[in-house]
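*Asks:* Pasting a structure below so you can have a look.
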Amino acid sequence: MTNSLLNNGDMVQGVELPDADQQFWWDSLAPILSRMLQCSKYSVQSQANILSFFKDFIVPSYGPRPSIDGEFFWKSYVTYNHTPGQVSFNFHKNKCTVRLSNVPTAPLAGTASDPFNQKGVVQTIKHIQKALPGMDMTIFDYFSEAFLVADEDTVGLDARKPVPQYNQLVVASMLGYDFEPVPRVKVYFNPRWKALQMNIENHDLIWTAINNLGSPIKSYKRTLDLLQECGNPRQPGGWIFQPEFISFDMGENMSNTARLKLYGFTTKTCWSHIESIYTLDRRLDDAETQRGLAVLKRLWHLALSIPEDHDENQDLPPCPHLTAGVIYNYELRENSAKPEAKIYIPVRFYGSGDGKVIEGLVDFFKSEGWDELATSYQRDFVSVFSTPDGKMVGEHHDISFSYKNDHPYVTAYYRPELIRPMERHIV
């Protein structure tokens, strides 16, 4: 990361978008994204290309802007306060790349025409095809049909939801983006509405859809079999894996090479449980897994400011938020002998504030020999997420960890603070 930021005004200021909704999202998010790109040493041409793609293909997907009193048009718990997206820095070997994600929202979301906000993701992917005409649609089309509720089946389904907050808890779809050498899209599907409509368990629907995918899934069979085995505990009351949602990559010339990820969630926050998740309840005990586990444990304690003498079988102090807990995933790669585990450390729910999270990350970077990141991270965080008048416009939400080829991959996810709607609202 860099020592100082250039003036980003030329690329983001004075840009006029087609309507007030898109203008709001651009004015709120483009300055943050631009500062992140500069901070991460993207070339000027790359910055321009990414911001252009963001303006033309991502900004429209955010949908209607918040109301004049700040209420989001479509509320979802992709962040703790319904902000419909995140931005992130991915750190690996002292290098930094920029990514972002959001919940595509169609203008009719929440109406009888689109009660569960399912149409936004389909519309956005079709729009992105204009920029990436070689993007293979096979897997997207398959999972869309498997996981999205058909229009004729949505009638009366909302009345069957098990809890009042179900619309916010079930993020039916989300899109993630990285940008180099060309934009690549990651699609997330949570099929709980479809499972409710079919009267089956959500995880059973996910496994059935994956197993019925056919030839594209054959090269993942070893890892799939292992994960499905984890649906049964090794001992009474032990850890089991039941997928909550999935994601997969889309891009040009990726017909059968898209990574597939299966996500789980737990409200248990003791280290011993995290260890079970990372090792598939000790089904994985190879040397690389053990090395990764040791590095994860160090980051877990540093990011959450956990004392060294904390009981590994004791949960963290409880957080009252409805979605508090730990998300994790298993990445499947072709012909791999084992899945790659990723743990999302929930610093917003269980951490001690941005200052302590920064302190923990800096200590972790130092321990990995990432000296440049250790030196610049606090300064760059403030530079990216502060306005000229000193207001902070972002906070840490999660820190993810995975371990590949004997190296850690760490991603810091941030919730951007949007500009006050009343400052941009056009009546």
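Yeah, the Cβs are placed from backbone N, Cα and C, and that goes for glycine too.
As annotated by Swiss-Prot, L-tryptophan binding site applies to Tyr77, Val78. Annotation source Swiss-Prot lists substrate binding site at Arg99, Lys186, Tyr188, Arg259, Lys261, Tyr263, Tyr344, Tyr409, Tyr413, citing similarity to another entry.
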*Asks:* Taking the Cβ of Lys261 (substrate binding site) as the reference point, list residues of the same chain whose Cβ is under 8 angstroms away and which are at least six residues distant in sequence.
*Replies:* Ile246, Ser247, Phe248, Asn329, Tyr330, Glu331, Leu332, Lys342
*Asks:* For Val78 (L-tryptophan binding site), just give me the three-state DSSP call.
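*Replies:* The three-state answer is coil.
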*Asks:* Let me know the most crowded of the binding-site residues, choosing from Tyr344, Tyr413 and counting other Cβ atoms within 10 Å.
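*Replies:* Checking each of Tyr344, Tyr413, the winner is Tyr413.
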*Asks:* Does Val78 (L-tryptophan binding site) have same-chain partners at least 6 apart in sequence with Cβ under 8 Å from its own Cβ, and which are they?
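*Replies:* Listed in sequence order: Pro84, Gly85, Gln86, Ser101, Asn102, Val103, Val171, Met174.
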*Asks:* Near Tyr188 (substrate binding site), which residues of its own chain have a C-beta under 8 A away, given they sit six or more steps off in sequence?
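*Replies:* Set apart from Tyr188 (substrate binding site) by at least 6 residues yet with Cβ under 8 Å, we have Ser101, Val171, Ser173, Met174, Leu175, Gly176, Phe245, Ile246, Ser247.
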*Asks:* In whole Å, how far does the CA atom of Arg99 (substrate binding site) lie from that of Tyr77 (L-tryptophan binding site)?
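*Replies:* Spelling it out, the Cα of Arg99 (substrate binding site) and the Cα of Tyr77 (L-tryptophan binding site) are 19 Å apart.
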